[in-house]
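Enquirer: Could you have a look at this structure, given as C-alpha cells, before my questions?
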Amino acid sequence: MFTYYFQGLALGAAMILPLGPQNAFVMNQGIRRQYHLMIALLCAVSDLLLICAGIFGGSALLMQSPWLLALVTWGGVAFLLCYGFGALKTAFSQSLELANAEVMQQGRWKIIITMLAVTWLNPHVYLDTFVVLGSLGGQLAVEPKRWFALGTISASFLWFFGLALLAAWLAPRLRTARAQRIINIVVGAVMWFIAFQLAREGVSHIQALLN
C-alpha cells in the first residue's frame, strides 16, 4: 500500500510546486510573519477537502456541470486580475514601505477571506483535484484509493508548512525594499499570466457550450 502512498505524494508535489496564487500568498505571509502558520494550515485543510472530494467522487459533479466550470473559471479570472493588480500597485508604489505597512495592518479575518478566495476561486485547483486526481484515484480500489489520497494530502501539508517556515526564516533578507519590489512584480506578473490563460480556457468553454 505504501506504493500508492508515494505515488500520491509524488503527484501531489508535482502539482503544488509551481508558483500559483496559493503559494504566492503563503510565501508573502511567511515573509511578513503574519499568521503564516495559520494560513499554511488553512491552505492544507482546504486541499484536504478538495482532494477527498475529487478522489472520492466529486469529479463527476464538475465534469457533468460545464456551466459550473465556466462560472468558476471566470470568477477565478476576475480574482486573479485584482490580486495581480494589487501586487503590481504595491511594487510600483512611490512609498513601498508605506504600502507594506498598510498590508501589515490587515486584520486576521481579512487575511483568512483572501486566503479562501485564493484557494476556492482558483479553477486550476478544481482541475488538479477533481479532474487529474479524480480520474487517477477513481480507478483504484477502496484501500489503495485511501493511501493515494493520504499521499497527496501529505504533500500539501509538507509543502505549505515548509514554504511558510522557509519564508519566515528568510524574512530578514526578503523584507528589503528591493526584494519586496521584485517579489511583488513577479507575483503580479504570474497572477496576470494565469488569469489570461484561464480567460482563454473560459472562452473555449463558452464556445463549446454555445455550439
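Placement of Cβ uses the backbone N, Cα and C atoms for every residue, glycine included.
What Swiss-Prot records for this protein is below:
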type	residues	note
TRANSMEM	1-21	transmembrane segment
TRANSMEM	37-57	transmembrane segment
TRANSMEM	68-88	transmembrane segment
TRANSMEM	111-131	transmembrane segment
TRANSMEM	147-167	transmembrane segment
TRANSMEM	179-199	transmembrane segment
Enquirer: Which range out of 1-21, 37-57, 111-131, 147-167, 179-199 gives the transmembrane segment (68-88) the most CB pairs under 8 Å?
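Expert: Ranked by Cβ pairs under 8 Å, first place goes to 179-199.
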Enquirer: At an 8 Å Cβ cut-off, counting only pairs 6 or more apart in sequence, do the transmembrane segment (111-131) and the transmembrane segment (147-167) clear the bar of 3 or more pairs?
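Expert: Result for the transmembrane segment (111-131) with the transmembrane segment (147-167) is no.
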Enquirer: Can you work out which residues elsewhere in the same chain, 6+ from the ends of the transmembrane segment (147-167), have a Cβ less than 8 Å from its Cβ atoms?
Expert: 1-2, 4-13, 16-17, 22-23, 26-31, 36-37, 39-41, 43-44, 47-48, 51-52, 55-56, 133, 136-137, 140, 174
